[in-house]
Ligand code: 5GP
């Protein structure tokens, strides 16, 4: 599959972006449709369409840069009280651009941003059952 997206163009400098941070591996720039003022995207320069394709070392670096951006947002004129990280992996999760990206979303009271969810209260046995299933999957993945 073609890994090319608009983010590849931004990395190559062939599409405009408002950069906030760049190093040899990572680029951070303003989201063109911010959900709150100061909304930043952090992306790996090496194309990876999904978490499954993302080098875990690079995943760590995305998070590190996200932490720095969060600190910068708090000190900048954005002047936020809090920060949310958000990453959509897959269409069902809301991913629209298939180049992994970490959203760094500054928060202020009453900014209107939120996740819609209906938390449930399953019995412990259900939690234990799924925990076991996930542990099994992790073991199989580790053996590959
Ligand atoms: P997703 O839904 O895939 O998690 O988020 C994609 C994000 O990329 C959206 O927040 C969208 O506004 C942003 N985006 C899409 N195209 C561009 C673009 O050309 N430039 C910038 N700066 N952001 C973009």
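Yeah, the Cβs are placed from backbone N, Cα and C, and that goes for glycine too.
In TrEMBL, the motif 'Histidine triad motif' annotation falls on 99-103 of the listed ranges 94-98, 99-103, 104-108. Secondary structure at residue 101 (active site, tele-AMP-histidine intermediate), taken from DSSP and collapsed to helix, strand or coil, is coil. Packing around residue 101 (active site, tele-AMP-histidine intermediate) is summarised by its Cβ count: 25 other Cβ atoms lie within 10 angstroms of its Cβ, all protein chains included.
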